[in-house]
Amino acid sequence: VVANLSKLHPKDMENPEGGVDDMIKLEYLHEPGTYTGNILIAINPFQRLSHLYDASMMKRYKGAPFGELSPHVVANLSKLHPKDMENPEGGVDDMIKLENLHEPGVLHNLATRFKINEIYTYTGNILIAINPFQRLSHLYDASMMKRYKGAPFGELSPHVFTIADVAYREMINEGKSNSILVSGESGAGKTETTKLLMRYLAYLGGHTAAEGRTVERQVLEVSWMI
């Protein structure tokens, strides 16, 4: 059985005694060395190695090209998630404008806009809304609805009214049913967002009274179904 295992996993004879710092350098890349490249493998030393994480080490790795220094968690993170250097300070209103579209970049852009009270951001024709946990009534008053009515997509700042307006216009112009999907985790603001959509659609539908009730009132009365 020993000879058989030796045959299945041949030894790299030209590797240095201390091993290689990146396992893509192995001549034979089999199971014991599967994870390589830009993935960092860390083995718990079961002891404190404070010299690896002090200020001098952070200064040494700051800005160093990936692979130039010994493997380290700092170098790995820098390689995996490059920063967009040309983005404006307030972030971008549509994340397809990001040079590097990855999760940390998306979260950073959303956080940057949230700090300046911009809770809406586009990703193409998808609207991302961040719950502000406060009332922003100025974003949803009559003047704002009038402003977004009929405005082309992308002409104004990202807003839930734009999504409703586009769906309504396509329904009217093409004579086809449209749907708007509102999704998110618990507490994300799905119910409030849906109410805002219904309010805007009621505004677009007019205020003609029928059986003593306006169109807006009839639409809003179904809010219990949310």
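Keep in mind that glycine also has a Cβ here, set from the backbone N, Cα and C atoms.
Source: prediction; values computed, not measured.
Copied over from TrEMBL, here are the features:
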type	residues	note
BINDING	Gly184, Glu185, Ser186, Gly187, Ala188, Gly189, Lys190, Thr191	ATP binding site
DOMAIN	90-226	domain 'Myosin motor'
Tally of residues which DSSP labels helix, strand or coil - the domain 'Myosin motor' (90-226): 66 helix, 13 strand, 58 coil
Cβ-centroid neighbours of ATP site Gly184, Glu185, Ser186, Gly187, Ala188, Gly189, Lys190, Thr191, 8 Å, sequence order: Asn131
Cβ neighbour count (within 10 Å, all chains shown) around Lys190 (ATP binding site): 16
Those binding-site residues listed as Gly184, Gly187, Gly189, and which of them has the most Cβ atoms within 10 Å of its own Cβ: Gly189
CB contacts for Thr191 (ATP binding site) [other CB atoms within 10 A, all chains]: 12
